[in-house]
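What follows is one structure encoded as structure tokens, with my remarks underneath.
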């Protein structure tokens, strides 16, 4: 499906051999943002100290960080650059009732106590701004070009869609940012992912990123920040760009980004926290300087032909194990690398699949439409456009989970809820839900799911559950037919 | 943080690639609000199988995990590092580590020691020949000594220094507080601001 690749360097050159940003005359988008956030340049092998513009907090990776602050008697340095919401544990039904799972309830109550004690703005369950942290930030207009964003969640890469440098951090780093608003970091290497051409109808951002991951592998982006470039990327909406940047981590890259352009500015303008008046003009002027300079060198480049891409689907237990939907389950025997072959054999056993089975003949028990990858209004519209006027396959359970309370309201204002309910789908409240099954939304052992989420790891959606990653369009067509399908498989 | 110079202990092979953090610790265990006591959650799914390496008596008390490439991919959960530490592991040896996992390890006194893939295979062969083999990992010399064989491993200088000294990152950064304050004074007005629940 793809054309040429510049090999991803297997042995990274030593840091000492790399020119510093100050020595370079042309810079990439990532390098410009790095340069403009440098509090202190590292010397003699020490990392740079980078300023963080926006820190998003949720209930799962923060309790131990707040505990650390308390023990050291440290305040949150910049409450005005910090915002919290509840998403991973929250129920998607009966949200007005106390959370039934006691440990989930404790974790959420802990966040509420910490937010109160330290003074952090928290959008709790029931608040119109509650939702998946990576949906809430952009929706509020807090995510903008040229900023640094962190969150104790690997899918923070989502925010890179705005031309921001955004990456996931661990709990120790959450504490570090709360205390200092900075992070000590070694510069990332840069990789250009060039996607030129025009996507065929029915082929979406999700298919692009699944194809990218299948091409460079789950470790291909380690140590890099990815910049998605090319005409196919420029044509994408902000929602599509967020879907792509979201899954950068699935290729091993901590961050993925798209240069800001008029699409970005249009999306942002007028949002509650977006700059306004003279600040807006100053911001746009700066943002227009951010795209990678002509002639700037990337450490690695990958090329994909958008015209050749088809709807993509995973067959295995990591997001790199994917094929075009029109293809069959691959044969591990044909894989030369011993580790990859062993992984494929294990994956087929876990997924209960036979090599050679056409992907489109695989029946599913459930369809999950949601997650920080695909739960924005455009995703819900895409899903609704396929199912409208149809009924779901009888045996398939279909769950539609909006990314935020506001997306839910927006969908209802457009009447999408009625389309979902008429189809036989469940229309839920906002949260991470079945993407990782920390709340009651889980697969039963052995159940197979077509999911618009981001990870098909063993047990990710529930112990023993089997996940096929797909786009909202493929999820919708699959919900109609009951086997993995694309909209073109549906009768008119 | 506990200082780290050398560790001598039983090495346990984990002959799988792409060991993601969902496998190291499934999401259901992330609901806890404490930072310790995660040993029961380590590899919780795979542990159901009595044959799984963690259940084998010859690896009881193992401190060094030798795993396939791309260890620690996926979720940023630091709980994966806590679970490995709580079980008793001080070192993970692999040919490739996911970036976030590697960073989290360095913060919690878990050494992510990078070697060539062929050296992982060789270590596995030595461990197969003598299950429960004791291995010495020397962070000062950056070597792994298994029987009569010595392997050099990679770890970046800064992480190595912090591990050896047992230094706390926040304390180190706060030495530069003046530079942080100076940077903040130049921050443009258009940059994002939230509405805090209360002022400091």
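Cβ from N, Cα, C; glycine included.
A coil conformation is recorded for residue A:372 ([4Fe-4S] cluster binding site) in the three-state DSSP classification, outside any helix or strand. Residue A:372 ([4Fe-4S] cluster binding site) has a Cβ environment of 27 other Cβ atoms inside 10 Å. Annotated [4Fe-4S] cluster binding site per TrEMBL: A:372, A:432, A:435, in sequence order.
It is A:435, among the binding-site residues A:432, A:435, whose Cβ has the fewest other Cβ atoms within 10 Å in the structure shown.
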